[in-house]
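Participant: Pasting a structure here, questions to come.
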Amino acid sequence: MALAPNGLLCFVLMTILINRSLMSPVAKQHTAAFDEIARVNKNYAKYQAGTVWQVDMKLPKRNLGRKGVDGSAPIRDRTSLWPKGVIPYTIAYSIPGNSKIRQLLSDAMAEWEKHTCIKFVERENQADYVEFYYGEGCNSDVGRVGGRQTTSLGRGCAHHGIVVHELGHLIGFWHEQNRPDRDNYIIIKEENIIPKFKFAFDKYSSRKIDSLGVEYDYKSVMHYGEKAFTKNGLPTIVARQSSITTFGNSHLSSLDIQQANLLYRCPDYPNFPKDFVWSSNGPMRKNATYNIYARCIRISHHRSTSWSDNYLCYRRDKKSLSLSFSGRGPVPGKKCIQLRIPTKSHYESWARSYFCWPHDGIYKFKWLTHAPTAEERPNCLELCEPRDPTWGRNKYFLCATKDRQPIDGNWTRWRPWTTCTRKCGGGVQSRLRSCTNPQPSFGGRYCVGKASEARMCNTQECAEWPKFPEDFSFVRKPRAGSNETCIRIFERLDYFAFKDFLLCSAADKRQPEMRWSDKGDVKYMECTRILVPKDARRGRWDDNYLCIAANSGFPYRFVWSYSNQIPGLPCMRWYAKNGRSGWNETYLCAEDRFKSTAIPERIINGGWSLWTSWNTCSKSCDGGKQRRVRLCDNPKPNRNGRPCQGKHLDERRCNEQKCPSACGTEFRAVSGRFNSPNYPKPYPGKMKCEWIIRVPDGQRIQLKFLFFNIYGPKCDDSVVVYDGQTVSSRRFGKYCGSKLPPVLHSSSNVLLVKFHSNLQRGYYGFNAKWEAKKVEVMETANECGRQITGSSGTLSSPGFPGSYPPNLDCVWVITVPRGNHIELKFKVFDIHKVVRRGCRYDYIEVRDGNSRNSPSLGRHCGKSVDEKFQTVSNHVRIRLHSDGSHERQGFVLTWRSLRRLVVTQEPTTKPLCPRGWVSHLMNGTDMVYCYLVRHNMHTWYMARNDCIGSRSDLLSISNAKEQEFVTKHLLAESFMWIGYNDIQREGQWAWSDRTHQSYKNWATGDPNNGGQYRKKDEDCAVLKSNGKWNDYPCTTRFKYICKARASRLSVEGLHSRRRDQR
């Protein structure tokens, strides 16, 4: 029968539709997560080379440029696993809070957490963490790489299987078909593979991939699909078993779970009945078999006194089985069996007694009322109660068999819709459900559909415009709040310094449809130029515009000011960059477009701000001073306005009560007593007393406390004793409470005792006595630190010729007569040194002077040291420090006093660095430089500005000796800015302090201006943790080191001033 034309057309269309539906991947029941990833990542060129990226894996840096068989990888290298299986994470603002990817990420994390001991936690302050962001395609690092690492979930990655797959890489998995034993299970059809993607099918050696003894997994979520990267539609992977035709998965397979638990050494489920114990005498707090704490479930009956202390226990170091017992019927949501006891009377009936376990549990339990058969016996445990005469012996048994049948997941009911996020202008409502009714287990299917839904609400336009500036804000934060609508303010050339700034308006008001541009104004919009002249000189902030929709009815017209507020207009401050580069007086103002725009020129007179609070009194007694200040900025005088009248500083007297007498003095006697103020009555508060005890040369001091009662929970009040006359001397200890301190013996003829109290609390203080002891001075003694005098001598480390003890901190100060200086020579030197770590753990530190702030002559370790050291002053300070790990033989040194060759009327001078700075005597000169390590994270420009503000500049390094000093004393385990740069002209490197140094210490291959993989803007130098230099972009944020020439201060005057203070 011939078909009519219309009928023929319908037949052709139907045939096309049927064929397309059969060919559509949506119609296929099996979906491999990697097929979706490959479809997304083929659109990006960076994934196609196979050197930096392995399709969706970022190769570890140590493997860059290497082919499959070389190198190591995280799944083999356990240092690249996440400690204890805990993965800290953050989510970038590029993934909004209500996006589908966030929900998928949460579901994928839950799937890994459910089946393994791996946990994902939001980052607090962990050093190693991952940031999920919306980037180019889908990719992740393999395992933990250290510091901040990223996982991209970009366009096209919103698929549950994709996110589970990328989390697998993050945890430490490579692709399954790259296993070294893959040829035993599959055949790679290279003739069907797109040539540029053949690298994705490399077979790796067992040095890279450790399969942990788990069999090959065709259904792994980490496996390619059968037609991955096919060029002709034919399979690229074929199984050697003809029955297997599909590969991959969108959920974790049972072997994925097994391999992850082996990789992170997760606890396994307990074996029944091997890991179980039945107790009729209370809970088994310790399992008798394994001697470990156990989990216990109480089995009881409310009418039977014999059944009040019976427990079924199993090992706590195994996974929990979530078992439970109920005397009131089955437990909802669990599988249960009735514990039927035929021998019980009706009064003690166990008819409502049930033993229960989760639906997805690994065991299926059975209750027997007779002895089990020989076949059942290995899987059964007898429950008995000797005190119950009605409970038969060898009659009641609990048996279990493994139950790993697949359990398909099912959705819970939808939760109610959330409250609309806005009252007008278009808000969002959402609701959730979870695939936990029950959860999919043992390879069961995951729920089909979405776990969340969202819908628009209150879409009517708000009637009221926002008021300026009350309903606007300019803030620095990563994302907008729920009650505001924001646009991001940025300048791409100033990214690091101007990051996360938002201009927001109230969400419950009508929106002015604002838009920001850093590349000129926007057509068909009303734009206001945001110009900051100081920043514009650097080629940025000269073409930035804030725009609003034209003819929208918005009642304001924005006006920008970079020199304070505009008189007569409402303004909002735009404070940024900590007020630098002209951002301290920037304001966004607005004029009413429906009123006259004429701005009256008026004089602004200055006005005082409120007084600050009074500061702390300068003295605790005998009359001190307190101060407070105010500023002339309320407002600042402008347009020839009058400055504020009056003083900006106010002072008053305070604490005029007399100080207690006898609060510190200097004793020069062979014996005596002293005590705290007011003793034997309670000592007053806010006291600071110092006693210096001095006995004749050649004698030592014995100090003994006869009574001691000092407020002591945290030693807020305390007595501190020093073995010398200054606080830089060795400290015996800090004492408080009511326990008598030990009897103390000085190493010289001087002792310093300091007493400090905060508040008057009713404690009685102390009473002490001292007396001089004659000792024979042995300059060769090897005790741990002391004061030494004499024209020459020998000194050795504690324990010499054996090893020095661990955890030492010994300080020796050698003093020779004035007009002389000291020459040191090390005869033996053996101090533990860690390769590539410098002298950070054990070291000898030599300083030209008697304090820890004196100029440094270096920190030394290893088995060699400079043959000779000479000081400028008549003191030398030697410090031996050791940690608790390794000890060596130590040192032996000799010293002698030498007369200065040139004596002039001018006293010898010695530079002294400010507190917190480290000093260094430049080798071969008398110049001393001061160094300050700054731990703020700044760009190179910000770091240099900060150093200049401290009358210094970024570090310059003149020679190898100074480089060695910086590496040993200053360098932290991170990059640090130095002053070397080629900002003015590419390739012409110079120091920022304009010194002319020829010394260089570049790392191998540097400077390379970014090399192959980074931007070509590396114009500033950083110090690496090994002391080598590397070029880096100047806008990156690092710590840094400042350097300055030390001021000069008379050594003679310094010492005489210290003697006057004794």
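Quick reminder: no glycine exception, Cβ is built from N, Cα and C everywhere.
All TrEMBL annotations are machine predictions without curation.
Computed from a predicted structure; not experimentally measured.
So TrEMBL lists the following for this protein:
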type	residues	note
SIGNAL	1-23	signal peptide
DOMAIN	73-267	domain 'Peptidase M12A'
BINDING	His165, His169, His175	Zn(2+) binding site
ACT_SITE	Glu166	active site
DOMAIN	663-773	domain 'CUB'
DOMAIN	784-898	domain 'CUB'
DOMAIN	929-1043	domain 'C-type lectin'
Participant: Using DSSP, tally how many residues of the domain 'CUB' (784-898) sit in helix, strand and coil.
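Facilitator: Per-class counts: 0 helix, 60 strand, 55 coil.
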Participant: If you average pLDDT over the domain 'C-type lectin' (929-1043), what do you get?
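Facilitator: Averaging the confidence scores along the domain 'C-type lectin' (929-1043) gives 83.
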Participant: How far is it from the residue listed as 'active site' to His175 (Zn(2+) binding site), counting Cα to Cα, in Å?
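Facilitator: So the alpha carbons of the residue listed as 'active site' and His175 (Zn(2+) binding site) sit roughly 11 Å from each other.
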Participant: For the Zn(2+) site (His165, His169, His175), what does the 8 A shell look like? I mean other same-chain residues with CB within 8 A of the CB centroid.
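Facilitator: Near the Zn(2+) site, beyond His165, His169, His175, sit Phe34, Ile37, Asp56, Met57, Ser140, Glu166, Gly168, Phe173, Trp174, Val221, Met222.
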Participant: Just to verify: the residue among His169, His175 with the fewest other Cβ atoms within 10 Å, which of the binding-site residues is it?
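Facilitator: Each of the binding-site residues His169, His175 was scored by Cβ atoms within 10 Å; lowest is His169.
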Participant: Tally the residues of the domain 'CUB' (663-773) by DSSP class, grouping H, G and I as helix, E and B as strand, and everything else as coil.
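Facilitator: Across the domain 'CUB' (663-773), the residues distribute as 0 helix, 61 strand, 50 coil.
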Participant: Report the same-chain neighbours of His165 (Zn(2+) binding site): residues 6+ apart in sequence with Cβ closer than 8 Å to its Cβ, ordered by sequence.
Facilitator: Ala33, Phe34, Ile37, Asp56, Cys138, Val221, Met222
Participant: How many neighbouring Cβ atoms, not counting its own, are there within 10 Å of the Cβ of Glu166 (active site)?
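Facilitator: A 10 Å sphere around the Cβ of Glu166 (active site) contains 25 other Cβ atoms.
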Participant: Where does His175 (Zn(2+) binding site) sit in DSSP terms: helix, strand, or coil?
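Facilitator: His175 (Zn(2+) binding site) sits in coil per DSSP, no helix or strand.
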Participant: How do the residues of the domain 'C-type lectin' (929-1043) split into helix, strand and coil according to DSSP?
Facilitator: 20 helix, 35 strand, 60 coil
